[in-house]
Each structure stands twice: as C-alpha cells, then as structure tokens.
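Lifted from Swiss-Prot, the feature list:
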BINDING   4-32  NAD(+) binding site
Amino acid sequence: MFDALVIGSGPAGLAIAAELAQRGLKVQGLSPVDPFHPWENTYGIWGPELDSLGLEHLFGHRWSNCVSYFGEAPVQHQYNYGLFDRAQLQQHWLRQCEQGGLQWQLGKAAAIAHDSHHSCVTTAAGQELQARLVVDTTGHQAAFIQRPHSDAIAYQAAYGIIGQFSQPPIEPHQFVLMDYRSDHLSPEERQLPPTFLYAMDLGNDVYFVEETSLAACPAIPYDRLKQRLYQRLATRGVTVQVIQHEEYCLFPMNLPLPDLTQSVVGFGGAASMVHPASGYMVGALLRRAPDLANAIAAGLNASSSLTTAELATQAWRGLWPTEKIRKHYIYQFGLEKLMRFSEAQLNHHFQTFFGLPKEQWYGFLTNTLSLPELIQAMLRLFAQAPNDVRWGLMEQQGRELQLFWQAIAAR
C-alpha cells in the first residue's frame, strides 16, 4: 500500500507528487496520459515570484519592458515578467519525482472507496490501487472532489496565436499584460463585456498575442475573442502571416471551495487554487505544494492511528488555513465587482490599482499579501480611486454581501 496516490500529471499533479516524493513518502502516480508528454499551454509568472523560490532557471523568456494600457498612455509596471520554459518546468518536477522513487501508472481513475485507514482507487481497466491518502489533481471537474453547487461560475477565456506578423503587433522586446483599448470596436461592441490583449515578443520575429476575457458569466465564446483579436490587429495595420500555434484557454475563476471534510484531497484547479481576481495559479502551485506535502507527511509520520478522514482533514487544513480561506472570499468579492464594472469603470479601476505601491499590487496579483496587508491595499485603492469606481465598490449586488460575510465568518 502506498502512502499517497496522486491522480493527474499536469502542473498541479507533478508539483504535489514531487514534493511528497521528496519527503521520503511512498508515492504512486496515476495518469490517463503519459506524464512525459509535452505540455502545450503557455504559463506566465512575475519574475520576482520565481526568483524568490530560486527557480529563475525555469524561465524561457523574461521581459523588463512590461506595460499595460487603460487609455492611450502606457502604464509602466516596474516589475519584470517571464514565461516558463514548459519543458524545463515539466522536467524539473519529473526529476524530483524520479529521485523520490515515484512510479507512474497509466490509466483513468474510475471509482474510489474508503475504509477507516486507506482508500482504494479502481481504474477503468479494473486495476486496484490502495493508498493511505488520495490526492486528486485532475482539474476543475475532478470526479472525486466534492464542492457546493453554484450557478454563477465565471470563466476566464482566451484565444491566442503564436506566430509571425506583417509588422510587430507590439513594441519589440516588450510584454503587454493588459491592453484594454477598444478603438477597434463599434459602439455596440463596446457595450458587451470588455476584453484585453495579452501579448509578448518571443524573439526571432515571433510574437504571442492573445485576446482575453478576465472573467464573464457565461464565458465569452472563442469565436468572439478570435474576431476581436483580428479586429485589434487590423486597426493597427497588422496581419497574421504564419500561425505556429493557436491557444484556447477556458477555466473557472470562482469555483466554490471544496468540502474540506471529505476523504479525498485536491490540489490545483481541483482545490479551487486559481487566483479568483487574476487567474494565476502556477506560482501558487510552487509555493503551496510544500504546505500540503508537509501536512500529509506530518499526518502519516505522527501516528498510524489517524483515520483516512482525519488524515485528509489535516491535509486540507494545511492547504486551506483560515487566513487563506478569508483571502479567497475577499478575492471573489473583488471579482464580482470587476465583472459589474463598465468599460470606463474598469479602466479607471486598473489605473488606480497599478498606481498603488508596486509591492501592494504585485502582492495582490500573486496572493502573497497577508490578510491585514490585503485589507490595507484594498482600503488604499478605495481612497485613491475616482468616484465612479468608489460608487461601484460601495454598491452591493448579487453574491457580494454573501462573499463578504463568508470572509468574516471563515474558520
């Protein structure tokens, strides 16, 4: 019997599997796809976030010229931003798994059963795998993770192109975090939920451009995002000449937190770890995998008398302590506000937000502020914001009051 069975081999699965294996635990991996199969999606992260972990060698690209547009003048961010070398990131975790003796089993988890001191996962092929604890990392629709139902799920959606263009779609050597300019849209189109350009120069005349909806319920269709991207490029006199890769991105931003008393532990999207106000997650995987692994190792090492349910509860609390739960609800509260803002309010909000001390907006986006620091940053934003943003923040609609009280009442 294994100490832990990790289901899934995406970034979340490899991150927690590597941390568990490095702690000397007997870990089995179960994945429906080859864990060594190359990842396709791009993953970005702020430079200091990776530097603080001593993992800057995992960057494939890094930009010091980082800007956003919430009007005609660029906002200089004064922080560098990077794109992971996907192969390097994947190999980093796979090497740690191998060093810890982890073995991968190809197969799809089909059923799970629990007794007092272990869980048994049955694969679609009928194989049974037993472990003291199961960690499900199979994403936002993880079959073994229970969470409250919600009819108000907001999705971040994006359509992007890596390729070559008739002329640079952005300045050479530049990274654009958000370009909310909408001069390429008709007045009627501007009444629809706003989208922004996320773009970067990858070198050798290759650029990545992506039209992104920060969050919308229901999700903005890919066809509309693609149309808007081509409209944006055409307005700037840019045509697509070579498409090397098309990227489609869709994930929920505000999934309810899982049931923290269940006997299966989640990680990554399965554990609602997407930053509700920004969509970032890979930095959180790197920072929080050790927290979960430590909690699991402590539960296994402290006493063999811990039941499966008790071990899972200890693990969940290691991943979601009270302060993180409270911050999560505050971020969800903020997301509700952003989705209600008009285009003008949204631009005014972001102009104010990125006018905060850079440690505050950076800490907000990376979820590295303490709870008191987060509240201080939000109060400062309210004090400095123009009246239309203040009014939007004060006006309470929909789920906003519920989320506010959940943040206060979290235990």
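One is the number of the first residue shown, and numbering goes on along the chain from there.
Heads up, the Cβ atoms here are built off N, Cα and C, so glycines get one too.
Within the same chain, residues at least 6 positions away in sequence whose Cβ sits under 8 Å from that of Leu20 (NAD(+) binding site) are Asp3, Ala4, Val6, Val27, Gly100, Leu102, Val135, Ala293, Ile296, Ala297.
Working note on the binding-site residues Gly8, Gly24, Pro32: by count of other C-beta atoms within 10 Å of each C-beta, Gly8 ranks first. Sequence-distant neighbours of Gln28 (NAD(+) binding site) (same chain, 6+ apart, CB under 8 A from its CB) are Phe2, Ala4, Leu5, Val6, Leu102, Gln103, Gln105, Leu129, Ala131.
Cβ neighbour count for Ala12 (NAD(+) binding site) (all protein chains, 10 Å cutoff from its Cβ): 28. Ala4 (NAD(+) binding site) is surrounded by 28 other CB atoms, counting those within 10 A of its CB over all protein chains shown. Secondary structure at Gln28 (NAD(+) binding site), taken from DSSP and collapsed to helix, strand or coil, is strand.
Counting only residues at least six positions away in the same chain, the Cβ atoms of Val6, Val135, Thr137, Phe267, Gly268, Leu285, Ala289, Leu292, Ala293 sit under 8 Å from the Cβ of Ile16 (NAD(+) binding site).
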